[in-house]
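Worksheet for the structure shown next.
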Amino acid sequence: MNDTSRRGYLEIGGGEMALHLTWVFGFGLLGNIISCLVCLAPLPTFYRICKKKTSHGFHSIPYVIALFSAMLWLFYALFKEDALLLITINSFTFFMEIGYISMYLLYATKKDKILTFKLLLLFNVLGFGLICVLTRFLTQRQKRVQVLGWICMTFSLCVFVAPLFIVRKVIKTKSVEFMPFSLSFFLTLSAVMWFFYGFLKKDQFVAVPNILGLLFGILQMVLYMIYRNSKKVVVVEPKLQLDTSEHVVDLEKLGAAICSEIAIGIPKLNDGGDGINY
């Protein structure tokens, strides 16, 4: 092979690499933008809390879980090479959730404050602290990335289970009250962007959870189209409780809390499905 041919192959290879990196950056950037919009969705909730000077009727669980998730992904991204876009979105989420939780605690009742502090102690202090210590002292750099990736992926998959309980509730009650189409749409769109980002970067820990997120998002949108005009069926169920003494969180309540808290700030389709209400 002469020098001209060699240069031609190098130019083609360089062009393909540049195109590949452009796609990676594009999907990661879009993922950041959409995830930021979803993260900003609870702002109307906290406007109402500040206006009424009470957080009664709202839950701190979604914000504690989101903070823990952001901390895990930040810790993973700090050891992962070329993970700037993961750092940016999770840093933004981290500070937003700190702000949400601080505002919630400012206006929460004593009982809700105690529950929130217990959850923070369980997830964000003890849980995250244990992960930091074990991965720091029991693993080397590359192995540490793998272990942290598995932890992040497992936790993300567990969080994606929560909407399944909302799906069950929608089917039983034939009501989409806690599962607005716009929320499902934006979360599905976010899952698409992060899946392709992880796929193109060959990062299975980012890609795999978002496959599940994509499937659940499509399922929720299909159910919304089926039940959006259905008459609600009242189902009498035992009152759900949070067993704070044993730190047991009911997943159905968690799912309902996540959907109801986030959905407040996202535009919804009107009853006819042909317009948007805010």
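For all residues, glycine too, the Cβ spot is worked out from N, Cα and C.
Taken straight from TrEMBL:
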type: TRANSMEM; residues: 20-40; note: transmembrane segment
type: TRANSMEM; residues: 61-79; note: transmembrane segment
type: TRANSMEM; residues: 85-107; note: transmembrane segment
type: TRANSMEM; residues: 119-139; note: transmembrane segment
type: TRANSMEM; residues: 145-166; note: transmembrane segment
type: TRANSMEM; residues: 178-200; note: transmembrane segment
type: TRANSMEM; residues: 206-227; note: transmembrane segment
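With pairs at least 6 apart in sequence, the transmembrane segment (145-166) and the transmembrane segment (85-107) have fewer than 3 Cβ pairs within the 8 Å limit; the two do not touch. In this chain, the transmembrane segment (206-227) lies close to the transmembrane segment (145-166): three or more C-beta pairs between them fall below 8 angstroms, excluding pairs fewer than 6 positions apart. Proximity of the transmembrane segment (145-166) to the transmembrane segment (61-79) is established through 3 or more Cβ-Cβ distances under 8 Å for residue pairs spaced 6 or more apart. At the 8 Å Cβ cutoff, the transmembrane segment (178-200) and the transmembrane segment (20-40) share at least 3 close pairs (sequence separation 6 or more) and count as touching. If you look at the transmembrane segment (20-40), the same-chain residues 6 or more away from its ends with a CB under 8 A from one of its CBs are 66, 85-86, 88-89, 92-93, 96, 186-187, 189-190, 193-194, 196-197, 200-201, 262, 265-266.
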